[in-house]
Ligand code: NDP
């Protein structure tokens, strides 16, 4: 029988993860099935345990359960511990092991797919929620010149910067404090695009060759990417590449095989 995996979230109906993992399995010849599972908001732990008890080998975790998943695990990878959140669960010998592949997925998309090295660059990370927290460790590992976290609630950005102070050069602030600064890579990890809004950035935060990256994705430009395009920012990318790369990293954690992501990304873009 095929090995079973799933993604657990609420809502989950629009998840692209089953399609992505089906393409990975076909490409690599791995014998597995991967489904989407809706967990009630107060029933995440029960849903995970039921899936593991039914023979599931692993699960991805999405909104809003990544922090609860962290607390549920018996053991964590270093990157999950740093992020304080888990998006990849592995079940073995009655234990639940948690990993976090979101940040690695973002960095792989930036560095390999978008040919945007981070070493020696100035990186602006907008937002201080779970996605920003997951991204910081892998970004800092690439040895950027500086990372600034800017958030609507400045204190959350400052706290996050303190948490990562030993990992690399990082500072937290509010959006208005960015006046006079410019960055080579600007990553939007806020949920503002979901509401069609754009964080109020001072003029000049995008350096002339900057990449504007929105973790959100959908049809056409997100609000953030449309704003960057109006400002004349030359290089724009949405978060679909991050989604595929975090999935590939999870696939590697489970199966020890790294899928070729570019054809899968192309198939999703064409769909
Ligand atoms: P959280 O709810 O944990 O954090 C939300 C963040 O957005 C906070 O920093 C919040 O600021 C800020 N924010 C919310 N609304 C606004 C607004 N109108 N203007 C400015 N800032 C705002 O969300 P996540 O971190 O989990 O997710 C953030 C985004 O990343 C989502 O769009 C999500 O879809 C995307 N994502 C994409 C992934 C991918 O694979 N491509 C993976 C994970 C996430 P404050 O602290 O002031 O409330």
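Numbers here mean position along the shown chain, with the first residue as 1.
Every residue, even glycine, has its Cβ placed from backbone N, Cα and C.
Not measured: the values here are computed from a predicted model.
Listed by TrEMBL as binding shikimate are 15, 16, 17, 62, 87, 217, 246; the candidate from 42, 102, 109, 260 that the record includes in that site is 102. Residues 5, 16-17, 19-21, 23-24, 27-28, 30, 32, 57-58, 60, 87-88, 90, 99, 101-102, 104-106, 108-109, 113-114, 213-217 of the same chain, all 6+ positions outside the domain 'SDH C-terminal' (239-269), place their C-beta atoms under 8 angstroms from a C-beta of that stretch. Each of the binding-site residues 87, 153 was scored by the other Cβ atoms within 10 Å of its Cβ; the lowest score goes to 153. Taking a Cβ cut-off of under 6 Å from any atom of ligand 1, the binding-site residues 17, 87, 130, 155 reduce to 130. Rounded to a whole value, the Cα-Cα separation of residue 16 (shikimate binding site) and residue 215 (NADP(+) binding site) is 15 Å.
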